[in-house]
Amino acid sequence: MGNRGMEDLIPLVNRLQDAFSAIGQNADLDLPQIAVVGGQSAGKSSVLENFVGRDFLPRGSGIVTRRPLVLQLVNATTEYAEFLHCKGKKFTDFEEVRLEIEAETDRVTGTNKGISPVPINLRVYSPHVLNLTLVDLPGMTKVPVGDQPPDIEFQIRDMLMQFVTKENCLILAVSPANSDLANSDALKVAKEVDPQGQRTIGVITKLDLMDEGTDARDVLENKLLPLRRGYIGVVNRSQKDIDGKKDITAALAAERKFFLSHPSYRHLADRMGTPYLQKVLNQQLTNHIRDTLPGLRNKLQSQLLSIEKEVEEYKNFRPDDPARKTKALLQMVQQFAVDFEKRIEGSGDQIDTYELSGGARINRIFHERFPFELVKMEFDEKELRREISYAIKNIHGIRTGLFTPDLAFEATVKKQVQKLKEPSIKCVDMVVSELTATIRKCSEKLQQYPRLREEMERIVTTHIREREGRTKEQVMLLIDIELAYMNTNHEDFIGFANAQQRSNQMNKKKASGNQDEILVIRKGWLTINNIGIMKGGSKEYWFVLTAENLSWYKDDEEKEKKYMLSVDNLKLRDVEKGFMSSKHIFALFNTEQRNVYKDYRQLELACETQEEVDSWKASFLRAGVYPERVGDKEKASETEENGSDSFMHSMDPQLERQVETIRNLVDSYMAIVNKTVRDLMPKTIMHLMINNTKEFIFSELLANLYSCGDQNTLMEESAEQAQRRDEMLRMYHALKEALSIIGDINTTTVSTPMPPPVDDSWLQVQSVPTGRRSPTSSPTPQRRAPAVPPARPGSRGPAPGPPPAGSALGGAPPVPSRPGASPDPFGPPPQVPSRPNRAPPGVPSQPIGSGKSIPS
């Protein structure tokens, strides 16, 4: 491989794999690895057991591998195995390894043949292995067998995709030679996720089970059905061999003998078999790790940056420091106070861009919700006139009055002012609710100290409740002050002299019409909900609201006006959301029981959020469109019953004139009261509740916490937080160490280019059968070459393969005694398994004694 650093690459990734698997970050990091993919009977498990030289994988009928097995092979002087979930325990008996795999599988999936994507990490140390990391995945199947779930095919496919879709995962596609290779499940999956073939390595098993007269020579030479990284053939133990306890050492010797003696494969013998496959995978994985090092390093750096800020507070953590808890308590209280102030004042460093929070929500209560609640409690026009007429008549008593009595004005105003108490109390309740939510939000940073968080929330919430009572008393006092004295000398009050004059002016204005430019109150998108039902769905229009009318256009350019609706006699009502609707709806209707728009009694308008609805309602209030009150229908029926009174009132011109005068006076005075209440309510709540709570947190919260009792109990750390801190610190140090190692290796290695692309269109056509010799015209960029061929297109430097003796004239090259005798596959020239031998086709079949040795 060129240097020692490259040899350390696979152990490095193994260490990363263990470290990040332990803290649940493996999927995010996407470490380089080899995923073994194939059908249920393709021979995947046998290939892995041949690598290790031991029987250690579960066997049986149906689906046996039900969880991914991350198999980490480490070259060492002693032979043993370790599981990540059994840290510190060494397994020297590989039968125990098999039982532990089965037990660990059942612990997660149960015993009902279910599957799980949670991997089992197994590390095998042995002098007979090369450094390698593979992931054994469940075999693909089409039909459920026994008690397998009906959708087992899709479950397994989903699990495979979780691994093979990662760019850093090499795919070991295992296919049996005795079935149609063009229909191989493994190659189909590989083609789907790796269309360029840059990550796929082909393995052909069961070469000894092919029909007589057939072979896979052209496939192994990468002429038929070529892959970019080529194919390697292996011969595994048969079921009879397994039942007969034939050991893997003998099986490897038999495999070697098979390739040396078979006339179709003997010229490829040095590039076939399990030992050679292991070497190639070691080289391919090493090269792949080196190629992915820059991307891996970038990911590690980004993860390190993302946790560095959080780890900063843990770095200097000293659990045995006696002053630690006191310092932490002071810091937590100070942080809580600062967060609360920032959330209320709106200068927080973490600004929510999705919804209103903290002070912004309280601001909306003050300036949208509270005015809306005030107007909801305002008088109904017809009802008010009827009350005024009764008040005037009752004040005059038996006499017929000549003048408009001011007592009627005072009685009516007091009744209207009294109604302001309910929305004022509701405003306080809404602010208390928002303050409590803000306290909970601010205390989220205290989750590492659950007792402290609980106690702090309790103390502050109790204080808010105390201030709530005081604030409500003050609010009631404000309303009572308004009731105590009617200031008819107020500069904004029109007075008796101007009341009639104003009434006349209003009548003239209505008669002449407003010719001046009308002030626009609001513009925005609204969906007309009910009209679109008959026309294929609701539609969105651009609405423009003024004091006189409501218009809507096709778009916000306001060129194509769809309709204009007068706001006179309009009212608002809420509409319940539909079963499948996510929009919030309100409706406009006419108080005189007329159609609002064409044949529709009401116009339903929809918004995306409740905040938008509230904002539109507040805008309609400014235009004089008030919400419907609960008792409107009953009052309407009462008005109909008392219709004779109304007619009688209207028949008396003097009474009608007096009612109009009082009506104008009440309207003028209530406007003053409303303005005063709307101005003083936020100020009262701010002073008595919000600012007071802020001062309490800054000055008294710490003293209250100290008086609660034992500070050690208060500052007990949650088990989850302690575990999280340990995990974050472990991850932080693992990331730093990994970056250090990667940095050293990346600067001392030489890049090896990828094998050239091949014609893999056969994976899409899937019409060529395997198992038969292909004609020499099979689509491939490679052909058999003479003994000393010139450099071919696509070659890169000296060709790998057998020793130079293979180029001797006339005779066949001597077959190396074992795969290890071939040139070092980790040398500078790339080892491309798909390249055929340069030896002449005719190879004598005399036995070679040196081919009997077994790789150690």
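Every residue, even glycine, has its Cβ placed from backbone N, Cα and C.
As stated in Swiss-Prot, the feature region 'G4 motif' covers range 205-208 out of the listed 177-180, 205-208, 381-384. Between the stretches 112-115, 136-139, 356-359, Swiss-Prot puts its region 'G3 motif' entry on 136-139.
Within the set 38-45, 638-645, the record from Swiss-Prot flags 38-45 under the feature region 'G1 motif'. Annotated by Swiss-Prot as region 'G5 motif', the relevant range among 155-158, 235-238, 611-614 is 235-238. Distance between Cα atoms for S347 (phosphoserine) and S306 (phosphoserine): 24 Å, as a whole number. Looking only at the region 'G4 motif' (205-208), the predicted model's pLDDT averages out at 87.
DSSP assignment over the domain 'PH' (519-625) gives 18 helix, 49 strand, 40 coil. For S306 (phosphoserine), applying a Cβ distance below 8 Å and a minimum sequence separation of six or more within one chain yields no residues. Each residue of the region 'G5 motif' (235-238) gets a DSSP state, and the totals for helix, strand and coil are 0 helix, 0 strand, 4 coil. In terms of DSSP secondary structure, the domain 'GED' (659-750) contains 79 helix, 0 strand, 13 coil.
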